[in-house]
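Heads up, the thing below is written out as structure tokens.
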Amino acid sequence: MSTYADVILPLPLENQYTYRIPADLESLVVRGSRVIVHFGKKRFYTAIVVDVHDRQPQTDYEVKEIFSILDATPILRRPQLRFWEWIASYYICKLGDVYKAALPSGLKLESETTVTYNPDYEADAPLKPNEQAVLDAFGRNVVKQTVSDLEKKTGLRNIVPVIASLMGKGAVGVNEELKQGFVPKTQTYVRLHPDWATEDRMQEAFDVVKRAKKQEQLLVSFLDLTHALNPVLKQEVSKKELLEKSGQSAAILDGLLKRGILQSYEKEVSRLQTRMCRLEEPHALTDEQQAAYGKILDVFAEKEVCLLHGVTSSGKTEIYIHLIRQVLRSGRQVLYLLPEIAITTQITDRLVKIFGDQLLVYHSKFSDNERVEVWNKLLHGKGPMLVLGVRSSIFLPFSSLGLIIVDEEHETTYKQQDPAPRYHARNAAIILAQMHGGKVLLGSATPSIDSYFNAMTGKFGLVELPVRYGAASPPEMILANIRELKRRKQMKDTLFSPILIEKMRQALESGQQVILFQNRRGFAPMIECKDCGWIPRCQHCDVSMTYHKFHQKLVCHYCGFTVRVPSECPECHSVNIRPLGFGTEKVEEEIALLFPAARVARMDLDTARTRTAYERIIGDFEKQKTDILIGTQMISKGLDFSHVAVVGILNADGLMNYPDFRAHERAFQLMMQVSGRTGRRDKQGVVVLQTSQPDHPLIQMVTQRAYKEMVSWQLAERSMFRYPPYYRLIILVLRSKNPTVLDEQSRQYAERLRRRLGDRVLGPVTPPVSYIQLLHIRKIVMKIEIAASIPQVRDILESVQQEMKQSTEFRQLLVHYDVDPL
Ligand code: ADP
Ligand code: ZN
Ligand code: ZN
């Protein structure tokens, strides 16, 4: 029998802590169990046991006892812990960071976790007395409480299992806003009518309701619960929450709705739906697809990873479906990874028709309860499953993964930026599959250079699918030279070249659709005083503020800070303030003037902030309820439209010209992906690419769809400048409020690193955006040989960090690593 357990806490501290196992729990506590432990003053956490043993801990502190155990069987399955350990070690972070990212909040309750009461809950069987006590502790109008508050109120000593059991029944949830509640399929939401969405109009609104005190109070509550005047933040609130929090009645709300100040509308709140449809057979594969399918199986006989390079619309998804079916039939599980935004009803509908309730969807917009549900289904469910999920679904408790598909593998959103663990889901998936003895299929029309290089060098297999399904030919590419057109005064005061206008007109006249791509939201990236050159900048970040014309606001896209557009220049008092450059909002405005009859939709972070809004815009366009779709890169993600005749790329230069060694690769991928939205099925589409550098090699490669040329060109540069895939990048990010200390410490740090790693260490450098939210940033870049031993490099990095920690000034810095940064 073991006396001690090493556990990890959901904290970015040391990797492990040792606790004593009480005698009555000895036989229950095993690797992978969840236990409740106390840590720090009066705080408890859900911890995960990583080891049980008899070794007396070497510490001066008193060893505390495990307080209780949560599960009869471990909540983790092999090899999950080993996978976490790999992530912590490769991405140089703490196991606690990985633990935090891996488990849904509902599975890692701690004293500070907020528990929400579900007012719609009706018990179908009597609750246990302590469950009832917890629910009673909520009382009237109290919907949120922390676990430690509930503990105090109920006097229950061991409350976490009780809360966990109530969660299982749907009576409570955690850390969630009420709107993501439990049962209802649709809910009524309330937002400000756009006509009233400025501060002046708001003032008027308050004048209007001055005599109706209750309406006034409700309006105040509404403004408290939303950020209706800030275009970047939350704009809506559920009717239910609004009434509950304001304590006003529905009749009072109706008053405000009648005045037109507020609007209400129905909104879907989806959960895992039980799907009762008859299953369908997948489509039969075409000869080309069949051949590719066969080649993938051949690759899997020899290699762990296969890259499927198939042009948009070639039927990659069809091939996935056939592979998935085969793996499920052999009794193993499949994980199908997609970037966040690409998980739409389009793809889930397609999969559910074939796989029925074997399909589980794991999405970050899901409520925590739903995530716990998926987790438990995998832990306790029987039979093979297909999980369609975003990057964090690699952390689910799979028992036997036969295949991981990483679709759109080039997508940079597979890399987690913040907080730690800063992992790349594609690369981590390859390790995960290895641990399960499963295979990995990477799919893309424009593979990342990293993956393509691995295929070229034989590490991955490569299968190509160069033809579109159904004889669709690739779109015609037309270049419009903006500089020349402007010089000849053929593009005066407009964003559109004559050829693009002409093509759009033809498309609209024949009932076809148009997509316009501009990778900037807002009206203009900045405004400028024409007399003195003043440009408003964020008070907290080193960036200019984006102009949002509709709301008459300047918004910082880094921190959300918002101010009104000044009526005059604060420097020289000139009123001659003009926008510089253009974003999607301006495109929309111009289109309305050019094609007043066309139905236009815009898709960017401002209009498609929520999943429902996003799906509505896509759905309307799919059903041809809209004619022109204007958008940022959100529109480039694997969507399948049938009637798009024209794609306009309004400013290719803006995509290429930014200081990053991957800029050209990304610009190529984006332009190819956007172009792929046109001419599906049997119609040929047109892409008009507007640029002032028509002779730029990249533009030439895009028009010729010369993917391989682009790769060799970029590889030549990268090998010359010691970039990936030839070298591994590790960036040390240092941040501080105090730039002087930061500079001095960064310099010393780089010096010490150089003593150990020589000229592999570059910097410190100041990034182009040198501070965000008042934290100044410096970076030390390390270029490490691919063949170098990672554990050895990590040891060096850690020992240098220990040296730095001797200095008290160093404590003013926040420091983290970014391994394989994107
Ligand atoms: P990709 O994933 O490569 O972009 P998809 O698999 O989405 O391509 O295929 C594009 C379109 O062509 C989809 O609407 C799909 O249903 C259709 N399609 C592709 N292959 C077949 C097939 N073998 N039989 C019927 N329809 C197909
Ligand atoms: Zn000025
Ligand atoms: Zn800012």
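Numbers run from 1 along the shown chain.
Each residue, glycine too, has its Cβ placed from N, Cα and C.
Marked as domain 'Helicase ATP-binding' by TrEMBL: 297-465.
Residues annotated as Zn(2+) 1 binding site in TrEMBL: Cys529, Cys532, Cys569, Cys572. Same-chain residues at least 6 positions away in sequence with a Cβ under 8 Å from that of Cys532 (Zn(2+) 1 binding site) are, in sequence order, Cys569, Glu571, Cys572, Ser574.
According to TrEMBL, the Zn(2+) 2 binding site annotation covers Cys538, Cys541, Cys556, Cys559. Secondary structure at Cys556 (Zn(2+) 2 binding site), taken from DSSP and collapsed to helix, strand or coil, is coil.
The domain 'Helicase C-terminal' annotation in TrEMBL covers 542-721.
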C-beta crowding around Cys569 (Zn(2+) 1 binding site), within 10 angstroms: 20
Distance [Cα-Cα, Å, rounded] between Cys556 (Zn(2+) 2 binding site) and Cys529 (Zn(2+) 1 binding site): 18
Where Cys529 (Zn(2+) 1 binding site) falls in three-state DSSP terms: strand
Neighbouring C-beta atoms (10 Å sphere around the C-beta of Cys538 (Zn(2+) 2 binding site)): 25
Cys556 (Zn(2+) 2 binding site) CB neighbourhood, other CB atoms within 10 A: 22
In sequence order, those binding-site residues of Cys529, Cys538, Cys559 whose CB lies under 6 Å from ligand 3: Cys538, Cys559
Close-lying binding-site residues around ligand 2 among Cys532, Cys538, Cys556, Cys559, Cys569, Cys572, where CB distance stays under 6 Å: Cys532, Cys569, Cys572
